Amino acid sequence: MEEDTIIQKDLFAINHELKRPNNSSQIPDDLSTEELKKESQKRPRQRKNSTNLINKFKNNSNSERKNDCINEKSYSYKTVEKQKLTPILKHYVTLKEENSNRLLLYRLGDFFECFFEDAVFISNLLEITLTSKDAGKDIGKIPMAGVPYHAMERYCAELIKKNHSVVICDQLEKSTGNYGTPLKRGITRIITPGTVIEEGMLVAKKNNWITAIHLSENISENLYEWGISRADVSTGELLTMEGQSISKLFDEIIKLDTSEIIIGSNEEKKLLENQNQQITYTVTQETFFSINEACLTIKNYFQILSLEGLGLKHLNNATKALGGLLNYLEKINPSNLENDSSLKISLDFPQIQFPKDHLIIDYQTQKNLEIKNTQRENNYAGSLLWSIDRTYTCMGARCLRRWIDSPLLNIDEINKRQNIISNFLESKKLRTDTQNILRAMGDLERLSGRACAGHASPRDLIAISEGLKKLPRLKSIVKLFKYEIPSWTNQLKNIDNELLELADLISFKLVQNPPLNTSEGGIIHDGVDNVLDGLRNLIDDYSDWLNQEELKERKISKISNLKIQFHKNFGYYISINKSKVNLAPAHWIKRQTLTNEERYVTTEIKNRESKIFQVKNRAAAKEYELFCEVRNLVSAKTKRIRSVAKAIACIDALLGLAITSLENNFIKPTISPITNSTDQQSTKIIGGRNPIVEQLLTNRKFISNDILFNNKQKLIILTGPNASGKSCFIRQIGLIQILAQIGSFVPASKADIQIVDRIFTRIGAVDDQSTGQSTFMVEMSETASILNQATSNSLVLLDEIGRGTSTFDGLSIAWSVSEYLAKKIVCNTIFATHYHELNYLKHTNTNVENFQVLVKQKKDQLFFCHKIEKGGANKSYGIEAAKLAGVPKEVINKAILVLDYLEKNNQLNAQIKIK
């Protein structure tokens, strides 16, 4: 049996100790087959726990194989008699009882195993073999399934992707050869969907959020005050905020696509699940969220005396959520489990978010405008983010995604971002130089985070070093920027010399192209450490000795192709072709026979082998020690590295927006601030284009359109046939607004854009099967949300209201909603509709204007112009659209007759009068 390898502060076996071969003496292979049979008859060996199998094969018995079957009590760790289990399984059950809501992977030799119901579960989930293990003579067989330790990352990634948490129990000591004594094992890692830091488990261009929620007592029916705190453990970002109403809470949760949500009680879990059953929650100790424990946790984590400096003094709900989150992270932190205080989850100081700081885009609007994914297929390609992301680094891509999630309301910050884009557009050399720097830049945010947690590989540290070496070049670029630019650029203007010294130190100590795993050696440069150099000299000497020994044995045996080779199980051996066996000298000891090869050892080789292993093990240990010293130095600079990395990410995002602007002819919009005076509110876009559709069109030019909002034109009634471009146009307005408020240039010829506080959309609707709501009820719920939350500074985009009920009911609702938006809320609104009767609103309201999508009809053919012009349409061309869609001619002809009859007998248009 091989000696077990130890994983030191590393889940995926990148820091093994070198394995040593079993040096036990071998029995000479000099007994014939007949002699062996006689020997077995003299001393028969008894098979254990298989009496029924013996009976079956010796006596042709059909008796049941009871001991080979898994009985019902042995299926679950909860029902098995723990005291009757083997020591290893008893330990497994103890750990499983402490982690009942997580999958426990238990290291046995070269495998991580699951037992009982976990084994059945992962065998189905991962499609791996389900087998069994003897749990003791009174228990019998129990289910077992496992994965090889070297493939752990791949399988863990699959489990995490399916929203399961994993507990890793590893071996904490190496085998001593006394196989009667179980090795010491313990939990070395708890991995949850929201706390992974391994590259293979993360989406490079997305944040991986873990969110804690605290709900206070409801202040009125269904109106809870809440606090949420979310962190990306891999990048160190930490955000917290407060709010009211469950709907706003879910907007925040769903918008960020959080990977894991923790709450303090089952009551809160039940309340939230009643609102949305598609989100999974983890319930942790309720005390984590108490104000006293939360405050103490926050102070201890950030090593501060007061919360005032964090801005949390009067934010009790946010404080409780933050305390609950930090407490949870400390509980599952691997450094606590390994008693190593040098390793920890490193988070930045919390950034408090207030609604007044950002444009609010609820989940429904994100979905309707296809901001990050398409509405129908949920694909990235075809989204707004897809259309503008030209970033070179993963850091920049995540930064751009965060900006789109939370566009700015601060006009100064918007203008400063625009200024950097202008700098890039005005200088091709500036663009090219920055591209060359960023093109090979590593993900400094996550790389430094892995170093802080003790999981960075040698290649990770080299990537950090290479990234830090580029800082002086970035500094020179930032100094060339004209105009007023954001304050975060100071991180690049004032580079910490210690970071550059750290980069040089990494390059001095680590080789440029290190192996993937530390167990392979060859990480540290020669000349770095005298002890390591001395050990390497000895290794070279032993290598020379082996070469000389090979030449000597060739000469003695006269076998020219003889080789001395190494096998991890057998150690060093002499290998010869089987045809040369007759030339083997007498001092060779036969080790192994293969099909075409014979293997031997000599006393000299075996004696020297132990010394070789001793030196190699010492060298490997010294090399790992030196590597850890470098990694700890990087860990100490994690916060500083991340500060610089965030500035680099912003530069990358803005460079990408500049490239997008150049490629797609975007222009710099003029931005005006929010104002409470409707007379001063104005948005004017000339030649606006839909940034998504324009890039998807490959064989024709996109038709641009204008839009104007002012005190005389707050509500636009947009009419026109189906498939004429109404939905594309209203989405276009929302997308241009978002681009303007993230500081981007926009697809237009000219744009003067007023900042808005929220964007609301109601575009299309389907039945909500999870809540049992019909299409019409979903539509009305969305409409109610808009009417109750919109302000005069909001942008409202409506595509049909009042469908799914009778014509007169629908028209009445659409009319009333339109008038409420124009008279009561007085916000910028586009209402696309087939109710042509709404064109009459212009005559009774001074801030309503009618627009239509132009079409041309020649004989029986309909041509869509996709051009928006003043005036209301008087025909929907629904029958013509149906004809284009391929509806049978017979149905079309009948529809024409019915329409003619209805138009002649419907006096609604003539009779409609609104007081």
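Placed from the backbone N, Cα and C atoms, the Cβ positions cover glycine too.
Sequence annotations record features per position, and here Swiss-Prot assigns region 'Disordered' to 18-66.
Annotated compositional bias 'Polar residues' per Swiss-Prot: 49-62, in sequence order.
Taken from Swiss-Prot, the feature ATP binding site covers G720, P721, N722, A723, S724, G725, K726, S727. Cβ environment of A723 (ATP binding site): F864, A881, L884 lie under 8 Å away, each six or more residues apart in the same chain. In the three-state DSSP assignment, the secondary structure recorded for A723 (ATP binding site) is coil.
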The most crowded of the binding-site residues G720, P721, G725, judged by neighbouring Cβ atoms within 10 Å of its own Cβ, is G720
Within 10 A of the CB of S724 (ATP binding site), the number of other CB atoms across every chain shown is 25
Cβ contacts within 10 Å for K726 (ATP binding site), all chains included, total 25
Same-chain shell around ATP excluding G720, P721, N722, A723, S724, G725, K726, S727, C-beta within 8 angstroms of the CB centroid, reads V853, F864
Counting across all protein chains, other CB atoms within 10 angstroms of the CB of N722 (ATP binding site) number 16
Taking all protein chains shown into account, the Cβ-based neighbour count within 10 Å for S727 (ATP binding site) is 18
